[in-house]
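Novice: Take this structure, written in structure tokens, and hold onto it; I'll ask about it next.
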Amino acid sequence: MPAMGTALPRAMASTASVSTSTGSSELSSLSDNINNPADISVIVIYFVVVMAVGVWAMVKTNRSTVGGFFLAGRSMTWWPMGASLFASNIGSGHFVGLAGTGAATGIAVTAFESHSFALLLVLGWFFVPIYIKAGVMTMPEYLRKRFGGKRLQIYLSVLSLFICVILTISADIFSGAIFIKLALGLDLYLAIFILLAITAVFTITGGLASVIYTDTLQAIIMLVGSFILMIYAFVEVGGYESFTEKYMNAIPSVVEGDNLTISPKCYTPQPDSFHIFRDAVTGDIPWPGTAFGMPITALWYWCINQVIVQRCLCGKNMSHVKAACIVCGYLKLLPIFFMVMPGMISRILYTDMVACVVPSECVKQCGVDVGCTNYAYPMLVLKLMPMGLRGLMLSVMLASLMSSLTSIFNSASTLFTMDLYTKIRKKASERELLIAGRLFVSVLIVTSILWVPIVEVSQGGQLIHYTEAISSYLGPPIAAVFLVAIFCKRVNEQGAFWGLMVGLVLGLIRMIAEFSYGTGSCLAPSSCPKVICGVHYLYYAIILFFVSILVILGVSYLTKPIPDVHLYRLCWSLRNSEEERIDLDAEDREENEADARTEEDQTEKPRGCLKKTYDLCCGLQRAEPKLTKEEEEALKKKLTDTSEKPFWRTVVNVNVIVLLAVAAFFYGYFA
């Protein structure tokens, strides 16, 4: 049996060959399925409608201020916010990754999605009220207000942008490229460039409001399209009972070859395929990791991740924010039916390809020697759906990819502009900040395209495990800092900084080791030292989280506390304080505001036609009237208001109980 040190380069080379080799004749012919008037018409209509919604949002919304561009002026209602939360989370990586892992191991992977409902409630009821009362636009900005200093803010901003590139953008582009290559037969980089260019147009011109409105449309398309595919898949397989029976017998016809002795467990469906909670030691997703590890990574993703939180910060009021979280919570219970089970059905219908285990056979089927599970969902779309509906499902994949990327681009530009650019250009005017945010999106596009070759050679196995593993190595220390920052006022800057540093080092040790040695497979176990890679990544997330908390609390209690006068409305115990807060970053903010006022006082120069057109597209055409001091105070009060009307507070609280009951039944049935 080859060691992983030699197996990894082989896997990397074969994965890279996807973009250069023709693959099997069957895959090459799949693109012919889309070459018909019905499918092409549906795709064209999709792009026209999405562009129309983007232009409508661009004209309708205020994009000429930082608050309008990045937070939609706190004017969004619950239903587009809820749809945007869902669409921002569900990228093409979910369709490819969840379906692929479902095909390989069963329904346990759905726990990564379904447990999110609880953290969405934590977000709406506990975290967002603090963020709004603090008056922040970004998560690093909250750390600066809470702890003072600049190193935490800069550290978290840089780390968040790094995570955007290696995790979110890379996974979405890789999975989207798989589908687009099969469906359209386009060159990989040409397809990616076109998609990223269209995505960037919405983000650069429209701001957050445009992103949310297009996300709402994308969410509707995703839900309708994936529901139709689910119906077709279950009809084809003969219903649910037939599905459960046939899946357990979906064994590939070729299980020997390449001079390998292949264990039956590598190609036989697992006995616990239809259970979410699995053995604590031998399970691929152990139940303690599901119960305790997943909530930690979900805490980082749903309550601290800029992409998600930014959508909640733009709500009209707290009732709208909570209602949006509830809507998204309901929608997060659907992936098991819309993505995971269709992936399992794909294994039944196309067993020799989706469940291939012999490396040479996998190369013959899909051009990759480490497995073809990532092709489970695209195969269903291209071979099962009739004309017209294939175009609809391609639109679904485009929608999931573009909605996720628009969200990432907008939030990443917010992080760069508000947390990093203002450190470089302290005297930047509001106009300059808006332009800088839009230009940074262009930089992200270039970075994303350059990252594609790295993604190709890194994704030999199941995509969803890659994304969750990276989240488990980088997310827990951030989750620990924000959790104790909000719920323990004794924590100070020194504790938070060293907790993040220790957690980052431990996380990078595991992540770099896995990149170096590989994660292994059923055929070739990893040669990574057991002391580093011997525990499941979800268990490692638990260890990271509690080590970070111990360091944060230990250092904080050994150093001076932050006086309460700096913490009013920044932590839970002081959330309702009426006293005036003296921000730890007050001097920096006053200096920046004075510099901004100096530039804004300059007279506006006459503009030509080209300049006016450019300003119209970028939301810079209207010079907002200067607010009086009273108007500034009123605006600040609106942006930091967390009050609710009693009736609507009761309505959302009742809906929480209903959601919890539905989720309890869901887990009780599938556990």
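Backbone N, Cα and C define each Cβ position, glycine as well.
So Swiss-Prot says this about it:
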TRANSMEM  39-59  transmembrane segment
TOPO_DOM  60-65  topological domain 'Extracellular'
TRANSMEM  66-86  transmembrane segment
TRANSMEM  90-110  transmembrane segment
TOPO_DOM  111-116  topological domain 'Extracellular'
TRANSMEM  117-137  transmembrane segment
TRANSMEM  182-202  transmembrane segment
TRANSMEM  219-239  transmembrane segment
TOPO_DOM  240-288  topological domain 'Extracellular'
TRANSMEM  289-309  transmembrane segment
TRANSMEM  325-345  transmembrane segment
TOPO_DOM  346-378  topological domain 'Extracellular'
TRANSMEM  435-455  transmembrane segment
TOPO_DOM  456-467  topological domain 'Extracellular'
TRANSMEM  468-488  transmembrane segment
TRANSMEM  495-515  transmembrane segment
TOPO_DOM  516-537  topological domain 'Extracellular'
REGION    583-604  region 'Disordered'
COMPBIAS  583-593  compositional bias 'Acidic residues'
TRANSMEM  651-671  transmembrane segment
Novice: Using DSSP, what's the helix, strand and coil tally for the topological domain 'Extracellular' (516-537)?
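Specialist: The composition, in the requested order, is 7 helix, 0 strand, 15 coil.
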Novice: Suppose I define contact as three or more CB-CB distances under 8 A, residues 6 or more apart in sequence; do the transmembrane segment (651-671) and the transmembrane segment (468-488) meet it?
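Specialist: Since fewer than 3 Cβ pairs under 8 Å link them, the transmembrane segment (651-671) and the transmembrane segment (468-488) do not come into contact.
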Novice: Considering only Cβ pairs under 8 Å, which range in 117-137, 325-345, 468-488, 495-515 makes the most contacts with the transmembrane segment (90-110)?
Specialist: 325-345
Novice: DSSP says what for the topological domain 'Extracellular' (346-378): how many helix, strand, coil residues?
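Specialist: Reading the DSSP string over the topological domain 'Extracellular' (346-378) gives 22 helix, 0 strand, 11 coil.
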Novice: Apart from its near flanks, which chain residues at least 6 from the ends of the transmembrane segment (325-345) lie with a Cβ under 8 angstroms of it?
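Specialist: Residues 78-79, 81-83, 85-86, 89-90, 94-95, 98-103, 106-107, 109-110, 113-114, 116-117, 120-121, 123-124, 219, 223, 226-227, 229-230, 233-234, 236-237, 243, 247, 273, 312, 373, 376-377, 380, 652, 655-656, 659, 662-663, 666, 670.
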Novice: Across the topological domain 'Extracellular' (60-65), what does the pLDDT come to on average, as a whole number?
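Specialist: In the predicted model, the topological domain 'Extracellular' (60-65) has a mean pLDDT of 51.
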